[in-house]
Amino acid sequence: MPADYSSTARALSVSTSSPEPLSPSEDEAYPPWSRRAPGRRNSASISGGRSATLRDQIIDRATKTYHQILESWRKMNFWQRVGAVAAFLLANLLGIGFLVFTGKVFIWLQPVAAQWEHSPLAYGVLWLCVFFVSFPPLVGWSTFGTMAGYIFGIWKGWLLYASATVLGSTCSFIVSRTILSKFVHRLMERDKRFAALSLTLKYDGLKLLCMIRLCPLPYSVCNGAVSTFPTVQPLMYGLATALISPKLLVPAFIGNRLRVLSENNEEMSAGSKAVNICSIIVSICIGIFTGLYIYRRTLARAKELEAKEREDIRRSLQADHAAHRPHDAFSEDPEVNSAAALLARDEEERIGFGDLDDDHVDLAIDDESGSETSPHRTQASPYRDEFTDNDSDVFKDGDGTHEEMYTLHTHVRRP
(Lines of atoms letter the chains of each structure in order from A; the text may use other names.)
(Lines give C-alpha, C1' and ligand atoms only; values in the text may rest on other atoms or scores of the structure.)
Protein backbone atom coordinates (compact mmCIF):
# COMPACT_ATOMS: atom_id res chain seq x y z
CA MET A 1 0.00 0.00 0.00
CA PRO A 2 2.76 2.57 0.75
CA ALA A 3 4.39 1.63 -2.53
CA ASP A 4 1.14 2.24 -4.37
CA TYR A 5 0.71 5.54 -2.59
CA SER A 6 4.25 6.66 -3.50
CA SER A 7 3.87 5.69 -7.15
CA THR A 8 0.54 7.46 -7.34
CA ALA A 9 2.02 10.63 -5.78
CA ARG A 10 4.91 10.59 -8.25
CA ALA A 11 2.53 10.15 -11.15
CA LEU A 12 0.39 13.07 -10.01
CA SER A 13 3.44 15.29 -9.50
CA VAL A 14 4.48 14.92 -13.14
CA SER A 15 3.26 17.95 -15.14
CA THR A 16 1.02 16.97 -18.02
CA SER A 17 1.08 20.45 -19.57
CA SER A 18 3.13 20.90 -22.69
CA PRO A 19 5.95 23.45 -22.53
CA GLU A 20 5.06 24.54 -26.07
CA PRO A 21 2.41 27.22 -26.59
CA LEU A 22 -1.11 25.94 -27.05
CA SER A 23 -1.60 27.88 -30.24
CA PRO A 24 1.13 27.17 -32.80
CA SER A 25 -0.24 29.89 -35.06
CA GLU A 26 0.14 32.67 -32.50
CA ASP A 27 2.46 34.65 -34.77
CA GLU A 28 -0.23 34.78 -37.43
CA ALA A 29 -2.00 37.49 -35.43
CA TYR A 30 0.95 39.82 -35.93
CA PRO A 31 1.92 41.57 -39.16
CA PRO A 32 5.00 40.27 -41.02
CA TRP A 33 7.23 43.19 -40.07
CA SER A 34 6.70 42.61 -36.32
CA ARG A 35 7.93 39.00 -36.39
CA ARG A 36 11.54 38.46 -35.45
CA ALA A 37 13.81 35.71 -36.59
CA PRO A 38 14.87 33.20 -33.89
CA GLY A 39 18.46 34.38 -34.07
CA ARG A 40 17.48 38.03 -33.58
CA ARG A 41 15.34 37.75 -30.46
CA ASN A 42 18.03 39.21 -28.26
CA SER A 43 19.53 41.54 -30.84
CA ALA A 44 18.05 44.60 -29.19
CA SER A 45 19.56 43.73 -25.82
CA ILE A 46 22.93 42.93 -27.42
CA SER A 47 23.23 46.08 -29.46
CA GLY A 48 21.54 48.41 -26.96
CA GLY A 49 21.89 51.29 -29.39
CA ARG A 50 19.54 54.16 -30.03
CA SER A 51 18.79 52.87 -33.54
CA ALA A 52 17.46 49.60 -32.10
CA THR A 53 15.19 51.48 -29.72
CA LEU A 54 13.86 53.67 -32.52
CA ARG A 55 13.35 50.61 -34.71
CA ASP A 56 11.42 48.84 -31.95
CA GLN A 57 9.24 51.89 -31.44
CA ILE A 58 8.46 52.06 -35.14
CA ILE A 59 7.67 48.33 -35.24
CA ASP A 60 5.44 48.55 -32.15
CA ARG A 61 3.60 51.56 -33.51
CA ALA A 62 3.10 49.90 -36.89
CA THR A 63 1.88 46.73 -35.17
CA LYS A 64 -0.65 48.60 -33.05
CA THR A 65 -1.90 50.50 -36.08
CA TYR A 66 -2.18 47.27 -38.03
CA HIS A 67 -4.22 45.62 -35.26
CA GLN A 68 -6.51 48.63 -34.92
CA ILE A 69 -7.20 48.72 -38.65
CA LEU A 70 -7.71 44.95 -38.76
CA GLU A 71 -10.08 45.01 -35.78
CA SER A 72 -12.10 47.87 -37.25
CA TRP A 73 -12.25 46.07 -40.59
CA ARG A 74 -13.58 42.88 -38.99
CA LYS A 75 -16.36 44.78 -37.22
CA MET A 76 -17.62 46.30 -40.48
CA ASN A 77 -20.38 44.80 -42.57
CA PHE A 78 -20.23 44.50 -46.35
CA TRP A 79 -21.49 47.99 -47.18
CA GLN A 80 -19.31 49.62 -44.54
CA ARG A 81 -16.26 47.94 -46.07
CA VAL A 82 -17.29 49.16 -49.52
CA GLY A 83 -17.67 52.69 -48.15
CA ALA A 84 -14.29 52.54 -46.40
CA VAL A 85 -12.51 51.42 -49.58
CA ALA A 86 -14.33 54.08 -51.61
CA ALA A 87 -13.37 56.78 -49.08
CA PHE A 88 -9.73 55.65 -49.16
CA LEU A 89 -9.62 55.78 -52.96
CA LEU A 90 -11.40 59.13 -53.02
CA ALA A 91 -8.92 60.62 -50.54
CA ASN A 92 -5.99 59.47 -52.68
CA LEU A 93 -7.59 60.85 -55.83
CA LEU A 94 -8.26 64.18 -54.13
CA GLY A 95 -4.66 64.35 -52.93
CA ILE A 96 -3.27 63.65 -56.39
CA GLY A 97 -5.74 66.09 -57.93
CA PHE A 98 -4.75 68.77 -55.44
CA LEU A 99 -1.07 68.34 -56.31
CA VAL A 100 -1.83 68.57 -60.03
CA PHE A 101 -4.06 71.60 -59.47
CA THR A 102 -1.33 73.31 -57.44
CA GLY A 103 1.13 72.84 -60.28
CA LYS A 104 -1.36 74.26 -62.78
CA VAL A 105 -1.91 77.29 -60.52
CA PHE A 106 1.76 78.26 -60.61
CA ILE A 107 1.87 77.78 -64.38
CA TRP A 108 -1.14 80.09 -64.65
CA LEU A 109 0.43 82.63 -62.27
CA GLN A 110 3.64 82.97 -64.24
CA PRO A 111 2.44 85.53 -66.86
CA VAL A 112 0.38 87.62 -64.38
CA ALA A 113 2.72 87.59 -61.36
CA ALA A 114 4.56 90.72 -62.52
CA GLN A 115 1.27 92.62 -62.91
CA TRP A 116 -0.17 91.52 -59.56
CA GLU A 117 3.02 92.20 -57.62
CA HIS A 118 2.14 95.90 -57.18
CA SER A 119 -1.66 95.49 -57.10
CA PRO A 120 -3.35 96.27 -53.75
CA LEU A 121 -6.42 94.33 -54.90
CA ALA A 122 -4.42 91.15 -55.48
CA TYR A 123 -2.73 91.63 -52.11
CA GLY A 124 -6.10 91.95 -50.34
CA VAL A 125 -7.69 89.00 -52.15
CA LEU A 126 -4.80 86.69 -51.32
CA TRP A 127 -4.84 87.91 -47.70
CA LEU A 128 -8.55 87.01 -47.45
CA CYS A 129 -7.87 83.59 -48.96
CA VAL A 130 -5.27 82.84 -46.28
CA PHE A 131 -7.65 84.15 -43.62
CA PHE A 132 -10.63 81.99 -44.63
CA VAL A 133 -8.71 78.72 -45.03
CA SER A 134 -8.00 78.97 -41.29
CA PHE A 135 -11.51 77.64 -40.62
CA PRO A 136 -11.90 73.86 -40.64
CA PRO A 137 -12.21 71.84 -42.79
CA LEU A 138 -10.84 74.10 -45.56
CA VAL A 139 -7.46 73.31 -47.13
CA GLY A 140 -4.88 75.18 -49.18
CA TRP A 141 -3.07 77.14 -46.47
CA SER A 142 0.43 76.08 -47.54
CA THR A 143 -0.38 76.65 -51.22
CA PHE A 144 -1.52 80.21 -50.54
CA GLY A 145 1.69 80.84 -48.60
CA THR A 146 3.77 79.67 -51.54
CA MET A 147 1.66 81.84 -53.86
CA ALA A 148 2.30 84.86 -51.62
CA GLY A 149 6.05 84.35 -51.94
CA TYR A 150 5.72 83.69 -55.66
CA ILE A 151 3.82 86.92 -56.38
CA PHE A 152 5.07 89.40 -53.77
CA GLY A 153 8.54 88.12 -52.91
CA ILE A 154 9.93 86.74 -49.67
CA TRP A 155 9.40 89.56 -47.17
CA LYS A 156 6.24 91.12 -48.55
CA GLY A 157 4.73 87.68 -49.09
CA TRP A 158 5.74 86.59 -45.58
CA LEU A 159 4.08 89.69 -44.08
CA LEU A 160 0.84 88.88 -45.90
CA TYR A 161 1.02 85.22 -44.97
CA ALA A 162 1.90 85.76 -41.30
CA SER A 163 -0.65 88.51 -40.57
CA ALA A 164 -3.52 86.60 -42.20
CA THR A 165 -2.46 83.40 -40.41
CA VAL A 166 -2.38 85.00 -36.95
CA LEU A 167 -5.74 86.75 -37.30
CA GLY A 168 -7.35 83.83 -39.12
CA SER A 169 -6.26 81.22 -36.60
CA THR A 170 -7.45 83.36 -33.68
CA CYS A 171 -10.87 83.94 -35.25
CA SER A 172 -11.11 80.27 -36.19
CA PHE A 173 -10.27 79.37 -32.59
CA ILE A 174 -13.07 81.57 -31.23
CA VAL A 175 -15.67 80.36 -33.73
CA SER A 176 -14.73 76.70 -33.25
CA ARG A 177 -14.93 77.02 -29.47
CA THR A 178 -18.40 78.59 -29.74
CA ILE A 179 -19.72 75.93 -32.09
CA LEU A 180 -17.96 72.99 -30.41
CA SER A 181 -18.76 73.95 -26.82
CA LYS A 182 -21.21 71.07 -26.26
CA PHE A 183 -18.78 68.66 -27.85
CA VAL A 184 -16.07 69.86 -25.45
CA HIS A 185 -18.21 69.17 -22.38
CA ARG A 186 -19.08 65.66 -23.57
CA LEU A 187 -15.45 64.95 -24.34
CA MET A 188 -14.32 66.22 -20.93
CA GLU A 189 -16.77 63.89 -19.20
CA ARG A 190 -15.75 60.74 -21.07
CA ASP A 191 -12.18 60.95 -22.34
CA LYS A 192 -9.43 60.78 -19.71
CA ARG A 193 -6.70 61.41 -22.29
CA PHE A 194 -8.38 64.62 -23.41
CA ALA A 195 -8.71 65.79 -19.80
CA ALA A 196 -5.06 65.00 -19.11
CA LEU A 197 -3.86 66.87 -22.20
CA SER A 198 -5.96 69.92 -21.36
CA LEU A 199 -4.49 69.98 -17.84
CA THR A 200 -0.91 69.84 -19.14
CA LEU A 201 -1.43 73.16 -20.92
CA LYS A 202 -1.87 75.00 -17.63
CA TYR A 203 1.81 74.54 -16.71
CA ASP A 204 3.76 75.87 -19.70
CA GLY A 205 0.78 76.44 -21.95
CA LEU A 206 2.44 79.02 -24.21
CA LYS A 207 5.50 76.85 -24.74
CA LEU A 208 3.42 73.78 -25.51
CA LEU A 209 1.17 75.76 -27.84
CA CYS A 210 4.19 76.99 -29.78
CA MET A 211 5.43 73.42 -30.07
CA ILE A 212 2.00 72.28 -31.28
CA ARG A 213 1.94 75.06 -33.87
CA LEU A 214 5.35 73.95 -35.14
CA CYS A 215 4.21 70.35 -35.56
CA PRO A 216 3.35 69.12 -39.08
CA LEU A 217 -0.40 69.06 -38.42
CA PRO A 218 -3.23 70.13 -40.77
CA TYR A 219 -3.58 73.86 -40.22
CA SER A 220 -7.35 74.37 -40.14
CA VAL A 221 -8.00 71.09 -38.31
CA CYS A 222 -5.40 72.06 -35.69
CA ASN A 223 -7.22 75.36 -35.09
CA GLY A 224 -10.46 73.51 -34.40
CA ALA A 225 -8.82 70.81 -32.29
CA VAL A 226 -6.91 73.17 -29.99
CA SER A 227 -10.07 75.24 -29.48
CA THR A 228 -11.57 72.27 -27.62
CA PHE A 229 -9.00 72.58 -24.82
CA PRO A 230 -10.72 74.65 -22.10
CA THR A 231 -7.42 75.77 -20.54
CA VAL A 232 -6.30 77.56 -23.73
CA GLN A 233 -7.40 81.17 -24.20
CA PRO A 234 -7.82 82.81 -27.64
CA LEU A 235 -5.21 85.51 -26.98
CA MET A 236 -2.68 82.91 -25.86
CA TYR A 237 -3.32 80.89 -29.01
CA GLY A 238 -2.92 83.97 -31.19
CA LEU A 239 0.32 84.87 -29.39
CA ALA A 240 1.69 81.36 -29.93
CA THR A 241 0.86 81.60 -33.64
CA ALA A 242 2.62 84.97 -33.86
CA LEU A 243 5.73 83.61 -32.11
CA ILE A 244 6.15 80.82 -34.64
CA SER A 245 5.54 83.11 -37.63
CA PRO A 246 9.24 82.92 -38.72
CA LYS A 247 8.40 79.35 -39.75
CA LEU A 248 6.18 80.86 -42.45
CA LEU A 249 9.27 82.17 -44.24
CA VAL A 250 9.83 78.66 -45.64
CA PRO A 251 6.81 78.57 -48.03
CA ALA A 252 7.37 82.22 -48.99
CA PHE A 253 11.01 81.46 -49.80
CA ILE A 254 10.04 78.38 -51.84
CA GLY A 255 7.51 80.43 -53.82
CA ASN A 256 10.09 83.11 -54.54
CA ARG A 257 12.64 80.54 -55.75
CA LEU A 258 10.00 78.96 -58.02
CA ARG A 259 9.34 82.32 -59.65
CA VAL A 260 13.05 82.94 -60.15
CA LEU A 261 13.39 79.54 -61.82
CA SER A 262 10.35 80.05 -64.05
CA GLU A 263 11.25 83.58 -65.21
CA ASN A 264 15.01 83.19 -65.63
CA ASN A 265 15.11 79.58 -66.70
CA GLU A 266 16.83 80.24 -70.03
CA GLU A 267 19.22 82.89 -68.73
CA MET A 268 20.38 81.01 -65.62
CA SER A 269 23.41 78.78 -65.70
CA ALA A 270 23.33 75.17 -64.62
CA GLY A 271 25.04 76.07 -61.33
CA SER A 272 22.46 78.75 -60.51
CA LYS A 273 19.61 76.36 -61.29
CA ALA A 274 21.19 73.71 -59.08
CA VAL A 275 21.59 76.20 -56.23
CA ASN A 276 17.95 77.28 -56.44
CA ILE A 277 16.65 73.73 -56.70
CA CYS A 278 18.84 72.57 -53.81
CA SER A 279 17.71 75.52 -51.68
CA ILE A 280 14.09 74.52 -52.26
CA ILE A 281 14.79 70.88 -51.36
CA VAL A 282 16.80 71.85 -48.27
CA SER A 283 14.04 74.21 -47.12
CA ILE A 284 11.43 71.46 -47.47
CA CYS A 285 13.62 68.93 -45.63
CA ILE A 286 14.34 71.39 -42.81
CA GLY A 287 10.64 72.06 -42.39
CA ILE A 288 9.74 68.35 -42.36
CA PHE A 289 12.47 67.16 -39.99
CA THR A 290 12.06 70.13 -37.66
CA GLY A 291 8.34 69.49 -37.50
CA LEU A 292 8.81 65.79 -36.76
CA TYR A 293 11.42 66.51 -34.09
CA ILE A 294 9.21 69.05 -32.36
CA TYR A 295 6.26 66.68 -32.66
CA ARG A 296 8.14 64.02 -30.72
CA ARG A 297 9.31 66.56 -28.15
CA THR A 298 5.74 67.78 -27.76
CA LEU A 299 4.44 64.29 -27.06
CA ALA A 300 7.23 63.65 -24.55
CA ARG A 301 6.58 66.94 -22.76
CA ALA A 302 2.85 66.28 -22.66
CA LYS A 303 3.44 62.85 -21.08
CA GLU A 304 5.81 64.39 -18.52
CA LEU A 305 3.30 67.05 -17.52
CA GLU A 306 0.49 64.52 -17.37
CA ALA A 307 2.54 62.36 -15.00
CA LYS A 308 3.21 65.41 -12.81
CA GLU A 309 -0.48 66.33 -12.75
CA ARG A 310 -1.48 62.78 -11.84
CA GLU A 311 1.13 62.70 -9.06
CA ASP A 312 -0.25 65.91 -7.54
CA ILE A 313 -3.80 64.58 -7.70
CA ARG A 314 -2.72 61.26 -6.19
CA ARG A 315 -1.05 63.01 -3.24
CA SER A 316 -4.14 65.10 -2.63
CA LEU A 317 -6.38 62.02 -2.69
CA GLN A 318 -4.13 60.09 -0.32
CA ALA A 319 -3.91 63.02 2.11
CA ASP A 320 -7.69 63.50 2.12
CA HIS A 321 -8.28 59.78 2.54
CA ALA A 322 -5.83 59.55 5.44
CA ALA A 323 -7.44 62.54 7.18
CA HIS A 324 -11.01 61.29 6.48
CA ARG A 325 -12.01 64.58 4.91
CA PRO A 326 -13.92 65.27 1.70
CA HIS A 327 -12.07 66.23 -1.44
CA ASP A 328 -12.04 69.95 -2.14
CA ALA A 329 -12.21 71.49 -5.60
CA PHE A 330 -8.96 71.28 -7.54
CA SER A 331 -9.34 74.68 -9.18
CA GLU A 332 -11.64 77.68 -9.19
CA ASP A 333 -11.98 77.36 -12.95
CA PRO A 334 -14.93 74.99 -13.54
CA GLU A 335 -13.43 73.58 -16.75
CA VAL A 336 -10.07 72.86 -15.14
CA ASN A 337 -11.79 71.40 -12.08
CA SER A 338 -13.91 69.15 -14.29
CA ALA A 339 -10.83 67.78 -16.04
CA ALA A 340 -9.00 67.30 -12.74
CA ALA A 341 -12.02 65.54 -11.22
CA LEU A 342 -12.07 63.09 -14.12
CA LEU A 343 -8.39 62.28 -13.56
CA ALA A 344 -9.05 62.03 -9.82
CA ARG A 345 -11.69 59.35 -10.38
CA ASP A 346 -9.25 57.47 -12.57
CA GLU A 347 -6.53 57.73 -9.91
CA GLU A 348 -8.95 56.52 -7.22
CA GLU A 349 -9.60 53.41 -9.28
CA ARG A 350 -5.87 52.85 -9.74
CA ILE A 351 -5.04 53.35 -6.06
CA GLY A 352 -8.02 51.29 -4.89
CA PHE A 353 -9.90 53.95 -2.96
CA GLY A 354 -13.05 52.82 -4.70
CA ASP A 355 -13.04 49.79 -2.37
CA LEU A 356 -13.41 50.56 1.32
CA ASP A 357 -10.70 49.40 3.71
CA ASP A 358 -11.57 46.55 6.06
CA ASP A 359 -9.56 48.11 8.89
CA HIS A 360 -11.91 51.10 9.15
CA VAL A 361 -15.48 51.15 10.40
CA ASP A 362 -17.62 54.05 9.19
CA LEU A 363 -20.79 55.13 10.95
CA ALA A 364 -23.47 55.92 8.38
CA ILE A 365 -26.66 57.61 9.52
CA ASP A 366 -29.65 57.16 7.24
CA ASP A 367 -32.21 59.89 6.76
CA GLU A 368 -35.92 59.50 7.38
CA SER A 369 -36.48 58.21 3.85
CA GLY A 370 -34.23 55.26 4.58
CA SER A 371 -31.80 56.02 1.76
CA GLU A 372 -28.23 54.96 2.30
CA THR A 373 -25.49 57.51 2.64
CA SER A 374 -22.28 57.02 0.73
CA PRO A 375 -18.95 57.10 2.59
CA HIS A 376 -18.09 60.39 0.87
CA ARG A 377 -21.32 61.90 2.12
CA THR A 378 -20.70 60.56 5.61
CA GLN A 379 -17.32 62.24 5.68
CA ALA A 380 -18.80 65.48 4.41
CA SER A 381 -21.55 65.44 7.09
CA PRO A 382 -20.17 63.72 10.22
CA TYR A 383 -22.30 62.72 13.20
CA ARG A 384 -22.92 65.56 15.69
CA ASP A 385 -24.50 65.73 19.15
CA GLU A 386 -25.58 69.37 19.05
CA PHE A 387 -29.17 70.29 18.32
CA THR A 388 -30.23 73.14 16.08
CA ASP A 389 -33.49 75.04 15.99
CA ASN A 390 -34.82 72.67 13.37
CA ASP A 391 -33.97 69.53 15.40
CA SER A 392 -35.95 68.13 18.29
CA ASP A 393 -34.45 67.09 21.63
CA VAL A 394 -36.00 63.72 22.46
CA PHE A 395 -35.08 64.00 26.15
CA LYS A 396 -36.76 67.41 26.42
CA ASP A 397 -39.96 66.33 24.68
CA GLY A 398 -40.38 63.27 26.85
CA ASP A 399 -42.17 60.13 25.79
CA GLY A 400 -45.07 62.05 24.26
CA THR A 401 -48.25 60.35 23.20
CA HIS A 402 -48.48 56.77 22.20
CA GLU A 403 -48.61 57.66 18.50
CA GLU A 404 -45.44 59.77 18.55
CA MET A 405 -42.24 57.94 17.92
CA TYR A 406 -38.63 59.02 17.66
CA THR A 407 -36.30 56.68 15.93
CA LEU A 408 -32.63 56.92 15.30
CA HIS A 409 -31.46 54.60 12.57
CA THR A 410 -27.81 53.85 12.87
CA HIS A 411 -25.94 51.22 10.98
CA VAL A 412 -22.40 50.13 11.45
CA ARG A 413 -21.27 49.53 7.90
CA ARG A 414 -18.37 47.23 7.35
CA PRO A 415 -17.10 47.31 3.74
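Each residue, glycine too, has its Cβ placed from N, Cα and C.
According to Swiss-Prot, the feature compositional bias 'Polar residues' maps to 1-10, 371-381. Per Swiss-Prot, compositional bias 'Low complexity' is recorded for 13-24. If you look up Swiss-Prot, you'll see 1-49, 365-415 marked as region 'Disordered'. Marked as region 'VTT domain' by Swiss-Prot on the basis of similarity to another entry: 149-258. What Swiss-Prot records for 103-120, 181-234, 295-415 is topological domain 'Cytoplasmic', and it gives sequence analysis as the kind of evidence.
Under 8 Å from some Cβ of the topological domain 'Cytoplasmic' (103-120) lie the Cβ atoms of residues 143, 146-147, 150-153, 258-259, 262-263, all in the same chain and six or more residues away from its ends.
In the predicted model, residues of the topological domain 'Cytoplasmic' (181-234) average a pLDDT of 73.
The DSSP breakdown of the topological domain 'Cytoplasmic' (103-120) into helical (H, G, I), extended (E, B) and coil residues amounts to 12 helix, 0 strand, 6 coil.
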